[in-house]
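These features come from Swiss-Prot:
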ACT_SITE  H47  active site
ACT_SITE  D89  active site
BINDING   Y27, G29, G31, D48  Ca(2+) binding site
DISULFID  C26-C116  disulfide bond
DISULFID  C28-C44  disulfide bond
DISULFID  C43-C95  disulfide bond
DISULFID  C49-C124  disulfide bond
DISULFID  C50-C88  disulfide bond
DISULFID  C57-C81  disulfide bond
DISULFID  C75-C86  disulfide bond
Amino acid sequence: NLLQFEKMIKKMTGKEPVVSYAFYGCYCGSGGQGKPKDATDRCCFVHDCCYGKVTGCDPKMDVYSFSEENGDIVCGGDDPCKKEICECDRAAAICFRDNLNTYNDKKYWAFGAKNCPQEESEAC
């Protein structure tokens with residue numbers, strides 16, 4: 001669920017997830033449209049696409065099982081749907097970490113939908 005995703009982001013990036021990512025670019029946070037503005041925004045785009053492929057459970061609400069081992073996140077549990085949600089969140093948290101060098105909150109925080117034209121939207 002979203003609280004678990006926040007824990008993963010904090011673990012991987014050291015950043016406060018809501019402050020740093022909930023209103024970033026065109027895709028981080030609720031919804032999304034337009035063209036991703038940078039690598040971090042693309043992480044969110046891919047995460048949205050990943051959630052879109054999950055069927056049979058609720059990515060934002062269902063609780064899954066994960067652990068931290070040697071600085072990595074390991075998804076566990078027996079429910080394949082919840083494990084899929086976990087893997088979506090894990091991949092996004094790692095993507096955020098791997099793109100910290102280009103994260104630009106001065107440019108893309110609270111970017112707003114008006115700067116993300118619907119006609120520029122990409123398919124998953």
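Yeah, the Cβs are placed from backbone N, Cα and C, and that goes for glycine too.
Shown here: features listed in Swiss-Prot, placed on the structure.
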| residue | record | Cβ contacts under 8 Å, 6 or more apart |
| --- | --- | --- |
| C28 | disulfide bond | Y21, A22, T40, D41, C43, C44 |
| G29 | Ca(2+) binding site | Y21, A22, F23, C44 |
| C49 | disulfide bond | C124 |
| C57 | disulfide bond | D79, C81, K82, I85 |
| C88 | disulfide bond | H47, C50, Y51, V54, P59 |
| D89 | active site | Q4, F5, M8, H47 |
| C95 | disulfide bond | A39, T40, R42, C43, V46, H47 |
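C75 (disulfide bond) sits 25 Å from G31 (Ca(2+) binding site), counting Cα to Cα. Comparing G31 (Ca(2+) binding site) with C86 (disulfide bond), their Cα atoms are 19 Å apart once rounded. Checking each of the recorded positions Y27, D48, C86 against C116 (disulfide bond) by C-alpha distance, the shortest gap belongs to Y27. Cβ environment of D48 (Ca(2+) binding site): Y27, G32, C124 lie under 8 Å away, each six or more residues apart in the same chain. Within the same chain, residues at least six positions away from C26 (disulfide bond) with a Cβ under 8 Å of its Cβ are G32, Q33, G34, K35, P36, K37, D41, F45, F111, A113, N115, C116. C75 (disulfide bond) falls within a strand segment according to DSSP.
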